[in-house]
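The topological domain 'Periplasmic' annotation in Swiss-Prot covers 21-49, 97-102, 248-252 and rests on similarity to another entry. Taken from Swiss-Prot, the feature topological domain 'Extracellular' applies to 63-81, 116-125, 162-170, 196-213, 232-238, 263-271. The annotation Ca(2+) 1 binding site is assigned in Swiss-Prot to Ser123. Residues or ranges marked as active site, proton acceptor in Swiss-Prot: His159. Here Swiss-Prot flags Ser161 as active site, nucleophile, drawing on similarity to another entry. Per Swiss-Prot, the feature Ca(2+) 2 binding site maps to Arg164, Ser169. Per Swiss-Prot, Ca(2+) 3 binding site is recorded for Asp201.
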Amino acid sequence: MRISLACLAALCALPAGVMAQDASVHDKPAVRGSIIANLLQDHDNPFLLYPYESNYLLYTWTSDLNKEAIRSYDWAENARKDEVKFQLSLAFPLWRGILGDNSLLGASYTQKSWWQLSNSKESAPFRETNYEPQLFLGFATDYQFAGWTLRDIEMGYNHDSNGRSDPTSRSWNRLYARLMAQNGNWLVEVKPWYVVGSTDDNPDITKYMGYYRLKVGYQLGEAILSAQGQYNWNTGYGGAELGVSYPITKHVRAYTQIYSGYGESLIDYNFNQTRVGVGLMLNDLF
């Protein structure tokens with residue numbers, strides 16, 4: 001489906017210079033579910049943008065709100081458990097064919113926000129926003145083993161922060177790899193990482209976030225079922241997200257999401273909660 005600028009504006013307010021009016025978004029992959037194969041498709045429009053992670057908008061409710069982490073905000077005690085959660089995730093190919101026809105140097109930007117929209121008493125503040133740019137080298141492959149086809153190999157640098165100052169600043173930097181394989185209607189992706197640089201704002205983040213993310217997807221008719229999570233086997237801490245989406249128009253899907261555990265956001269990396277959300281999605285795993 002093609003993501004219109006109007007939809008993106010509804011998800012997140014970005015500087016007009018970044019999202020120029022003649023920019024368009026391409027999200028019809030050459031290989032179903034393959035981010036790299038999608039980015040390798042060549043088009044004449046230099047402002048063409050591609051989806052990276054899923055793009056969605058949800059109304060959510062959480063079992064417990066982490067007021068302790070935001071106690072420095074003057075509205076913390078009045079923070080509400082219901083929030084609008086949305087994710088904007090786009091990618092751009094910087095250099096196709098950098099190491100052969102099926103390779104590219106690319107960049108992506110993912111932003112996830114938790115918005116206290118119903119909290120009119122406190123002027124509807126954003127409780128948390130996570131900014132996640134990446135620079136990566138990607139390869140589209142067709143290696144086969146035991147019925148599975150390895151589609152994506154990606155290696156890169158990831159920065160993830162909430163853009164806050166002390167005492168609510170949270171950030172970490174990682175070197176990562178991403179491998180995605182398919183078998184029929186199944187998709188499996190693993191993304192291990194290695195933390196680099198300072199983690200002074202959150203020195204124990206790997207205790208709760210671990211060293212990898214595992215994602216599994218299955219297409220059942222027109223519905224897409226997804227599960228993803230991170231886990232530290234040494235500490236027993238982690239978090240998981242379950243999702244179901246179904247098309248309601250050509251370009252929009254109904255989406256239900258459940259997150260349970262630690263690390264839904266950076267400010268909540270060491271906080272355990274369960275969040276349920278319903279809303280709309282522009283692109284899923286397939």
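The backbone N, Cα and C atoms fix where each Cβ goes, and this holds for glycine too.
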Measure from the Cα of Ser123 (Ca(2+) 1 binding site) to the Cα of every one of the recorded positions His159, Ser161, Arg164, Ser169, Asp201, then give the nearest. Arg164
Measuring Cα to Cα, how many angstrom lie between the residue listed as 'active site, proton acceptor' and Asp201 (Ca(2+) 3 binding site)? 14
Count the Cβ atoms, other than its own, that fall within 10 Å of the Cβ of the residue listed as 'active site, nucleophile', considering every protein chain shown. 17
Show which residues of the chain containing Arg164 (Ca(2+) 2 binding site), separated from it by at least 6 in sequence, have their CB under 8 Å from its CB. Arg170, Ile267
Which numbers of helix, strand and coil residues does DSSP report for the topological domain 'Extracellular' (196-213)? 5 helix, 3 strand, 10 coil
Students should find that the Cβ of Ser169 (Ca(2+) 2 binding site) has, within 10 Å, a number of other Cβ atoms equal to 15
For the topological domain 'Extracellular' (263-271), what's the model's average pLDDT? 99
